[in-house]
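Structure, as structure tokens:
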Amino acid sequence: MGELVVTALRFGFLILLWIMIISIVSALRRDLQIGKRSRTGSPTAREVRKNPDLAEAAPAPRAAPRRLVVTEGPLAGHSLELAASPILLGRAQEATLVLEDDYASGRHARLFPQGSRWFIEDLGSTNGTYLAENQLTRALPVDPGVPIRIGKTVIELRP
Amino acid sequence: MSNIQTAPRSRRNTELLLLLLALVVGIGANMLVGLDQDRAFDSDFFTQGVTLVVLVLVVHVVLRLRAKYADPVILPIVTALNGIGLAMIHRLDIATGDSAATRQLFWTGVAIAVVVAVIWLLRDHRVLRRFTYLSLIASAALLIFPLLPFIGMEVNGARIWVNLGFATFQPGEIAKITLAIFFAGYLSTNRDLILLAGRKIGPLQLPRWQDMGPMLAAWLVSIGVLVFQRDLGSSILFFGLFMAMIYVATSRVSWVIIGLLMIAVGGFVAFQLFPHVTARINSWIKAFDPEVYNAIGGSHQIVQGLFGLASGALTGTGLGQGRPDLVTFANSDMIIAALGEELGLIGLSAIVMLYVLLISRGIRAALGSRDAFGKLLATGLSFTLALQCFVVIGGVTRLIPLTGLTTPFLAAGGSSLLANWLIVALLLLISDAARRPTMTGPANGSRSPGDRPGRRSKSDERNTGSTEVIQP
């Protein structure tokens, strides 16, 4: 094997390594663009200026929920003032709202504020958490008046 | 936490293309290492090349069948790294007459079989959340095994090995995964309690005293690993993992500051009390001191590695043309020095770049993940990889003291290879869950909320409800 060929292959390998990196990065570029296009939420001021239709699509500001009310289950009628801190729901003693419900887990779900809205997230409970009859698979925003079912307990946020 | 979505596209064809490129890199490197000795196409080369191609394509097919939306670049990156590592180990075998590459190939096969099994059987990473406390017990057992008589083994002063009769194994490598699962499960459930504010000093919100328990426990375990197993690297890894995960879970800088203070205290005390730590630090600071250089277990290894890196310069000596075999443990601890010598700065920075891309994809999977457990697990696992790379490459280049961690996917060593491939399997699963299109309309439409509690009996609930175990 000639000296020249070996040297060419040596540098060729270094170039190949970097070609691989550049291909990986360019494969990832599509990820970023896709992320931009499918973004949800309210349009930015710049987008509104370009396209005035978007401004109307933006939801009207909702009344922020102030209270959490238990509507069904053993604790029906109880209510809780919402502050800025997250709320832990479950049977465990350290939960913010201790549910006396056989179908609830110790740490069943958590309600937390983000921005101007409250979100509910299931904490890996045995029987699941339902927001308006749909089982939660990820954190979802909760609007006032929408029932959240945990076992036999149903709670609601009220303005 | 942000909620970034990618368009639901499988991108398995992109993966296949990148995978072929990665195989060309790995097998090309393996061809180059023997070229100068006219051993380019010996039987080892063909066995290694064909086995690697078959194994990796099997993973690709399994991903097509079971985790269609998994990240398309993770597998190619890992394949390239594993291929380069195999080539360098093969190259050192040619120089020393060892057969480490065959063992490495065998362990690659075992690791990939485990990856296939995990992707095929586990399917959803959220199942692991049920094993939160079981993985704590498993981690404890894995850390204690090497200390037991008969099965525990001491190699080069570190008691981190287990003799299985037919092979030796480092259970600590697996412990980093089980610990990440435990931390993710524990922190995603108890995040709110840990978040309760304590005293405030300036802009820093300190946690309450009673919430310091887990941090203190993690610290004590790390110190225990350092004292009883004499393994500085794993000790740093476990504590670093916990610190990163608690920071991600709470987004409080105060945890990081407290953690760093605890490391400073632990490190100083260890430096004063334990001779093996003192020796490590000495051969780092006074590496070029003739006394330290000539001492047994002194800085000979690290200085030889530095000389190797220096003779590699910018473009390297070329694969198979340097003398990386002069460094002790060239194919495991010091494989970065060997690669730096033969591929030069350009090649070594390409390898570092591959790690950066791999870790960034792991963090990306965490960002896209829809459940807190998945987010924390992906962050923890990616951080484990990142910390290993930092500690090893930093150690070889004398930025920090050299410790006994392995370079992921490159270094010779079955346990490390198996553990890191297992991390990749979990990251692939989490990224699949993160990139899978969200279902609209009622989830699990066939089950209505009313019949679900009734369908599950109370005894069933006791068996599966891991959340019930937690006591205040």
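Backbone N, Cα and C atoms are what each Cβ position is placed from, and that goes for glycine too.
Per TrEMBL, the features are:
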- B:16-33: transmembrane segment (TRANSMEM)
- B:45-65: transmembrane segment (TRANSMEM)
- B:72-92: transmembrane segment (TRANSMEM)
- B:104-122: transmembrane segment (TRANSMEM)
- B:131-152: transmembrane segment (TRANSMEM)
- B:255-274: transmembrane segment (TRANSMEM)
- B:334-360: transmembrane segment (TRANSMEM)
- B:372-397: transmembrane segment (TRANSMEM)
- B:409-430: transmembrane segment (TRANSMEM)
- B:438-472: region 'Disordered' (REGION)
- B:449-463: compositional bias 'Basic and acidic residues' (COMPBIAS)
Legend entry - Top Cβ-contact partner of the transmembrane segment (B:104-122) among B:45-65, B:131-152, B:255-274, B:334-360 (pairs under 8 Å): B:45-65
Inset, instruction - Could you pull out which residues elsewhere in the chain have a CB under 8 Å from any CB of the transmembrane segment (B:45-65), counting only those six or more residues past its ends? - result: 12, 15-16, 19, 22-23, 26-27, 30-31, 34, 75, 79, 82-83, 86, 90, 101, 105, 108-109, 112, 115-116, 119-120, 428
Inset, instruction - For the transmembrane segment (B:16-33), name the stretch out of B:72-92, B:372-397, B:409-430 with the most CB-CB pairs under 8 Å. - result: B:72-92
Legend entry - Cβ contacts under 8 Å made by the transmembrane segment (B:409-430) with residues that lie 6+ beyond its boundaries: 63, 67, 70-71, 74-75, 78, 81-82, 84-85, 88-89, 100-101, 103-104, 106-108, 110-112, 114-115, 118-119, 122-125, 167, 169-171, 173-174, 176-177, 331-333, 335-336, 339, 351, 361-362, 365-366, 369, 374, 377-378, 381-382, 384-385, 392
